[in-house]
Amino acid sequence: MNPNQKIITIGSVSLGLVVLNILLHIVSITITVLVLPGNGNNGSCNETVIREYNETVRIEKVTQWHNTNVIEYIERPESDHFMNNTEPLCDVKGFAPFSKDNGIRIGSRGHVFVIREPFVSCSPTECRTFFLTQGSLLNDKHSNGTVKDRSPYRTLMSVEIGQSPNVYQARFEAVAWSATACHDGKKWMTIGVTGPDAKAVAVVHYGGIPTDVIQSWAGDISRTQESSCTCIQGECYWVMTDGPANRQAQYRAFKAKQGKIIGQTEISFNGGHIEECSCYPNEGKVECVCRDNWTGTNRPVLVISSDLSYRVGYLCAGLPSDTPRGEDSQFTGSCTSPMGNQGYGVKGFGFRQGNDVWMGRTISRTSRSGFEVLKVRNGWIQNSKDQIKRQVVVDNLNWSGYSGSFTLPVELTKRSCLVPCFWVEMIRGKPEETTIWTSSSSIVMCGVDHEIADWSWHDGAILPFDIDKM
């Protein structure tokens, strides 16, 4: 057989195979369309199948029609009732790790936001990590100078708890350089403070839509909690400060329902200073442990009732929990007055357990490094130094930062009490390290019925980054 004959033979065989393949497809389609629908045994071919995923990314409505899937993304159904949140706090023996985002480690090569002030808040179906971005990414030129607290680029965003604050999973919440957020059982409410120092505005969002505003009333950097607000039976409470950071300022508690402000009260606290309150629900009231940035190394305590009446004072315990602070042995404690005569401070938290108190603090007395939680017997009502439990979360060789409180609602845990939880921010970069940026990651711990061993769940990123070497 000569070469031309070989080519003709191969071509003929190939053409025959193509024709046979086409015929087989025609037969397959004919059987699918005409025969299978009539046999009564293929009920799933021409119907809609709903797949619900227990996550915030999406719910898929999948329509299957003749072997073709049509996917439509639909919104998560809203709950039809408010959370109660009038239960007492659970009594806990220690705190177990809930999540760790490792955002800075991942951000050395991933698209992760430069952030500060992360916090956690929970709905009946999920917990989310909220954070204030700087409008820039780690290891990028726009991260330069992000040690600054307030800028027009800062926004409140959130991810499902445990995720890094990355570009692909983050959800926009509000334009803000100070913020709070909480869920009433039906929708998320967020408050973002932004604007110039003298005329800042707090914008209330409910279900993602702006619903109300609060204008600065003292004209001096109006600001809020940097942690979860508190919703009880559909009404949500939070605390704001307006005025100097190092002397007497003005303080207000607010109440909103479905994103509309329905009440506010001025908190009279002459000689005391309140900032960055960490609040939680307990037996139908809102209990807050705050920051005194003026003179006290003990923390202000604010208890708010549903009618916005309140009690204000200081955490009674005979151990200081702010930073910087003096020696424990030199501290006496007070339920009514600032003690310690140390300016500045750091956001922190405490939980009432009957008359006892769990309180968090940095291990270092002078810098934001290390972190521990202490349980002090009768520390909520007396100047007690009786430390009955201690747990290390970050060792003193590693940086910490802000810390704050939240609770797991009974809808999540199926318990009859609210589980107390806290988060610890771990600040990296400026001013303590040689970088052009400042950012943070966080570790989240929740109360359990067991004692938990000391360990260090520190940030762990190796600095400087490439951008810092240019």
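Note that the numbers count up from 1, one per residue, in the order the chain is shown.
Note that Cβ sites are derived from N, Cα and C of the backbone, with glycine treated the same way.
Since this is a predicted model, take the numbers as computed values, not measurements.
Positions annotated as topological domain 'Intravirion' by Swiss-Prot: 1-14.
Residues or ranges marked as transmembrane segment in Swiss-Prot (evidence: sequence analysis): 15-35.
Marked as topological domain 'Virion surface' by Swiss-Prot: 36-470.
The N-linked glycosylation site annotation in Swiss-Prot covers Asn42 (among others).
Annotation comment: Swiss-Prot describes Asn46 (among others) as N-linked glycosylation site.
Residues or ranges marked as N-linked glycosylation site by Swiss-Prot on the basis of sequence analysis: Asn54 (among others).
Counting only same-chain residues six or more apart in sequence, the Cβ atoms lying under 8 angstroms from the Cβ of Asn84 (N-linked glycosylation site) belong to Ile232, Gln233, Val410. According to its DSSP assignment, Asn84 (N-linked glycosylation site) is coil. Sequence annotations record features per position, and here Swiss-Prot assigns N-linked glycosylation site to Asn84 (among others).
What Swiss-Prot records for 89-470 is region 'Head of neuraminidase'.
Neighbour list (Cys417 (disulfide bond), Cβ cut-off 8 Å, at least 6 residues apart, same chain): Glu87, Pro88, Leu89, Cys90, Asp91, Val410. The disulfide bond feature in Swiss-Prot is assigned to Cys90-Cys417 (among others).
Annotation source Swiss-Prot lists substrate binding site at Arg116, Arg150, Glu275, Glu276, Arg291, Arg368. The Cβ of Glu275 (substrate binding site) has 23 other Cβ atoms within 10 Å, all protein chains considered.
Under a cutoff of 8 A between CB atoms, and with a sequence separation of 6+ in the same chain, the neighbours of Cys122 (disulfide bond) are Arg128, His183, Ser228, Phe406, Thr407, Leu408, Pro409, Leu412. The secondary structure of Cys122 (disulfide bond), as reduced to three states from DSSP, is extended strand. The disulfide bond annotation in Swiss-Prot covers Cys122-Cys127 (among others) and rests on sequence analysis.
Annotation comment: Swiss-Prot describes Asn144 (among others) as N-linked glycosylation site, evidence class sequence analysis. When other Cβ atoms within 10 Å of the Cβ of Asn144 (N-linked glycosylation site) are tallied across all protein chains shown, the result is 15.
Among the features that Swiss-Prot reports, disulfide bond is placed at Cys182-Cys229 (among others), with the record citing sequence analysis. Long-range Cβ neighbours of Cys182 (disulfide bond) (same chain, at least 6 residues apart, Cβ-Cβ under 8 Å): Ser121, Trp188, Met189, Ser228, Cys229, Thr230, Cys231, Cys236, Trp238.
What Swiss-Prot records for Cys231-Cys236 (among others) is disulfide bond, and it gives sequence analysis as the kind of evidence.
If you draw a 10 Å sphere around the CB of Cys277 (disulfide bond), it holds 33 other CB atoms from the protein chains shown. Feature annotation from Swiss-Prot assigns disulfide bond to Cys277-Cys290 (among others); the stated evidence is sequence analysis.
Secondary structure at Cys279 (disulfide bond), taken from DSSP and collapsed to helix, strand or coil, is strand. For Cys279 (disulfide bond), the number of other Cβ atoms no farther than 10 Å from its own Cβ, over all displayed protein chains, is 29. The disulfide bond feature in Swiss-Prot is assigned to Cys279-Cys288 (among others); the stated evidence is sequence analysis.
Residues near Arg291 (substrate binding site) in space but far in sequence (CB under 8 A, at least 6 apart, same chain), listed by position: His273, Ile274, Glu275, Glu276, Cys277, Arg299, Pro300, Asp322, Gly345, Val346, Lys347, Gly348.
In this structure, the CA atom of Cys446 (disulfide bond) is 21 Å away from the CA atom of Arg116 (substrate binding site).
Arg368 (substrate binding site) and Cys127 (disulfide bond) are 26 Å apart (CA-CA, integer value).
Taking Asn398 (N-linked glycosylation site) as the reference point, the binding-site residues whose C-alpha atoms are within 10 Å of its C-alpha, out of Asp292, Gly296, Arg368, are Arg368. Those same-chain residues not listed among Asp292, Gly296, Asp322 yet with C-beta within 8 angstroms of the centroid of the Ca(2+) site C-beta atoms are His273, Arg291, Asn293, Trp294, Thr295, Thr297, Asn298, Arg299, Pro300, Tyr314, Pro320, Pro338, Gly340, Gln342, Gly345.
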